[in-house]
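The (6S)-5-formyl-5,6,7,8-tetrahydrofolate binding site annotation in Swiss-Prot covers 24, 82, 122, 442. What Swiss-Prot lists as domain 'TrmE-type G' is 219-366. According to Swiss-Prot, the feature K(+) binding site maps to 229, 248, 250, 253. Residues or ranges marked as GTP binding site in Swiss-Prot (evidence: sequence analysis): 229-234, 248-254, 273-276.
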């Protein structure tokens, strides 16, 4: 693990070249480094000052805006410096060379600035994960989910629950220790378990949205399945707006699973084109069919495609009806099928029915995640810890015949599980994984 006593630096802005590049320095020697680079006293805290950045020969490297953030009022909680320079590779290389030459400074590892912010109490683990998701957000709903998490709204909810568990335990301890005292009202036990029953209901309702956050964050998975030449690859290309899949009249052209991401009104949708499902003696095609079925089974929604002039096989119609839509393709051709057999009719090649399909996809997404609801668990680990919390609270409520001390212990375990979501309880084994999601300089 990197030494948190080191002073670190990195490029914190985007790829070079750029109009402006931002170098961040954090640690005990950050201000010493800035004085060495500028040859002048520090500017006023949190005030942008124009300075000449110089090399060891006192030659000007660049004219830069410099901002200093004294500890603890900085992103990392340490002394921090930001240097806003022109974003050429030559300027950055020269400044980094001077920082290397100063001694006592080193380049930051991926996510190290954010890790220091966490270790210094500037962010909790939920906020760190939210920041990582915000940096990678590609759609409006991903941005909203990440902002609610990174701004502490989800942490506030979980901390509130933890405080209610702590208060319940305190009341139980009071009843255990001072049962004979008049200061402890007889109704304390009733209050505690009524409050815990209410908390159980809130956690349970929150968990109902447990998959919603993962769908928003990781994408709504849509599998295109059907017989060979049903129009799956043509539809994939039409929805993505580019030639992703090879389209021919030869049955079995698609052998492997292809995927493309699209932004559907703020939602990330992952569309999977699969091999045509049919009986075949071809070993490679048979493996493609196996993968097609597996992809469909793990998708959030299955689009079962059938062209106008074919009769669907039983194997195509055996998927979960609750997770599937039947789509008639190639609608400009003559048809043996009734429109009543399908949820949608399209011609991907001609662009017919695609807007209706997009609207149907959005309706399916919002049926799963709710319209605009983003205060939900965003990761599988959040859901796992919440389920643990719910189980412990349930155990405490259901153990009426057990000693109060045992029931109080269940509540302590529930609070511990909540604490592992925010990082209030030891989560050292998680930190390396989480901070590896960050780029250098964040």
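Easy rule for this one: first residue shown is 1, then count along the chain.
Cβ from N, Cα, C; glycine included.
Note that the structure is predicted; figures quoted are calculated from it, not measured.
According to DSSP, residue 82 ((6S)-5-formyl-5,6,7,8-tetrahydrofolate binding site) sits within a strand segment. Less than 8 angstroms from the CB of residue 122 ((6S)-5-formyl-5,6,7,8-tetrahydrofolate binding site) sit 72, 75, 76, 77, each of them six or more residues away in the same chain. Among the binding-site residues 24, 232, the residue whose Cβ has the fewest other Cβ atoms within 10 Å is 24. Residue 24 ((6S)-5-formyl-5,6,7,8-tetrahydrofolate binding site) sits 55 Å from residue 229 (K(+) binding site), taking the Cα positions as reference. Within the model, the domain 'TrmE-type G' (219-366) shows a mean pLDDT value of 83, rounded to a whole number. The two recorded residues residue 275 (GTP binding site) and residue 229 (K(+) binding site) have their Cα atoms spaced 10 Å from each other. The Cβ neighbour count for residue 275 (GTP binding site), using a 10 Å radius and every protein chain shown, is 27. Sequence-distant neighbours of residue 82 ((6S)-5-formyl-5,6,7,8-tetrahydrofolate binding site) (same chain, 6+ residues apart, CB-CB distance under 8 A): 12, 22, 23, 24, 25, 66, 67, 69. Residue 232 (GTP binding site) falls within a helix when secondary structure is assigned with DSSP.
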